[in-house]
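Heads up, the thing below is written out as structure tokens.
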Amino acid sequence: MDFLQRLARFLDRPLFPWKKLIIGFSVGQYVFEALLGYRQYKVLQKTKPPKVLEHEVSQEVFDKSQAYGRAKAKFTGFNGLYGQLQNLAFYHFNVLPKLWSWTGNLLLRFAPARFTGEISHSIVFILSFIVIQQILSLPTSIYNTFVLEEKFGFNKQTPKLFVTDLIKTNILAFVLVPPILAGFLSIIKKTGSQFFYYLWLFGAGLQIFMITIYPIAILPLFNKLSPLEEGKLKTDVEDLAKKLKFPLHELYVIDGSKRSAHSNAYFFGLPWKKHIVIYDTLIEKSENDEVVAVLAHELGHWSLGHTTKLFAISQAHFFYIFSLFSVFVNNNSLYADFGFTNQHPIIIGFLLFSDILGPLDNVIKLLMNILSRCFEFQADAFADRLGYNTQLSRSLIKLQIQNLSTMDADWMFASYHFSHPILSERLKALNWQPTEKVEVKGGEKSEGKEDVATATGRDEL
């Protein structure tokens, strides 16, 4: 505690160039990621698949995968530049103090007096900020969905569904942000310099609450969950769950095909009540034993304690963030350098602090990706020990073909960006012996999204 207070006094220096420092961090990160993107783009220009995939992937599929990878890389590069220019414009034109002033005037004109305090003001400010960000990101989002994904046969969204999803997302933000932000700010205001302990407990409780309500109130707004039909697949999955003593409550099929040709499987829920969700596209494109092998990998994450460990790490991460924020929450020089000379809104301090924390968070991201890739190898090995080596290998190859996923990667790019090993690394670890080209059931593409969403309690292949 004394250390944090001394650090806070040390960093609160009049005329310290906080804006230049944050802009420097932002530009530095953009340049670094652009260089990594360039290294990966050179890999995407290769004309031959990795040796371990020579017998599994046809030249036609590899060429399509490389073309898709290059198209996504170009889009990512443009989107990164677009986002960087937005950041610089926000800083240069002092958008934050102007938006804060505008939302304050809005409240004074139209809201009752009791809703003109800092908490109400912060809620209106953040909701306005979200709307502005969505408007700015709308062109690239439309291009990604209806041009890039459409070109390679993945997009299944209609313009109507796209707009409906956008409206629902905004309604959710307007429902969830006010109480969460009010709780966040009230804790800081009422608990003094010890606020980060209480904020940490609030964040942990909020995560558990979101894990609980996600399948009940949020997921059904966007997708339909239907119980898996009786049959061999359901019996095999239930037998696997019983064997591993997995607390399976319900098996669902999700209508992922209404938005995308991508496929996946994951589980979510509280420790004593879990739900498994299988994409309809995964069932459609895979054999039964391959779907079970995918779920054996997923349940491997649970059995090996990966989800619990990641949850614990996320709590430690929150505690470190809130502890460091206590150093900056009353930093007069930080507020002043961004145009807040007379007011020091807590939410503004948190936004600026998040920008300062960027470089350190990137290091944490790198370490988390290393850990995540280690967990993926362990989950693959778990499924292997259960006797699903061939089925899992074939399923991974099918998902790769369906997805047109990157089949090779620059090591620096992969270390920084990828939470999962690339296919060639996973097949080597499984000692996969190529026999013949793997055919995708139905002959069409779909994709396996590969990331671990610990905040919602979901774990994906």
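Note that Cβ sites are derived from N, Cα and C of the backbone, with glycine treated the same way.
For the transmembrane segment (20-38), same-chain residues at least 6 beyond its ends with a Cβ under 8 Å from one of its own Cβ atoms are 73, 76-77, 80-81, 84, 87-88, 91, 352, 355-356, 358-359, 362, 410, 412-413, 416-417. Feature annotation from TrEMBL assigns transmembrane segment to 20-38 (among others).
Summarising the annotation, TrEMBL assigns domain 'CAAX prenyl protease 1 N-terminal' to 40-224.
What TrEMBL lists as transmembrane segment is 123-146 (among others). Same-chain neighbours of the transmembrane segment (123-146): 75, 78-79, 82, 86, 99-100, 102-103, 106-107, 155, 157, 159, 162, 166, 170, 173-174, 177-178, 181-182, 345, 347, counting only residues six or more beyond its ends whose CB sits under 8 Å from a CB of the stretch.
Outside the transmembrane segment (166-188), and at least 6 residues removed from its termini, the chain residues within Cβ reach (under 8 Å) are 118-119, 122-123, 126-127, 130-131, 134, 195, 198-199, 202, 206, 218, 221-222, 329, 346-347. Taken from TrEMBL, the feature transmembrane segment applies to 166-188 (among others).
The feature transmembrane segment is assigned by TrEMBL to 195-217 (among others).
Here TrEMBL flags 227-431 as domain 'Peptidase M48'.
Here TrEMBL flags H297, H301, E376 as Zn(2+) binding site.
Sequence annotations record features per position, and here TrEMBL assigns active site to E298.
Per TrEMBL, the feature active site, proton donor maps to D380.
Per TrEMBL, the feature region 'Disordered' maps to 438-461.
In this structure, the C-alpha atom of E298 (active site) lies 9 angstrom from that of E376 (Zn(2+) binding site).
Around the Cβ of H297 (Zn(2+) binding site), 26 further Cβ atoms fall within 10 Å across all displayed protein chains. For the domain 'Peptidase M48' (227-431), the predicted model reports an average pLDDT of 92.
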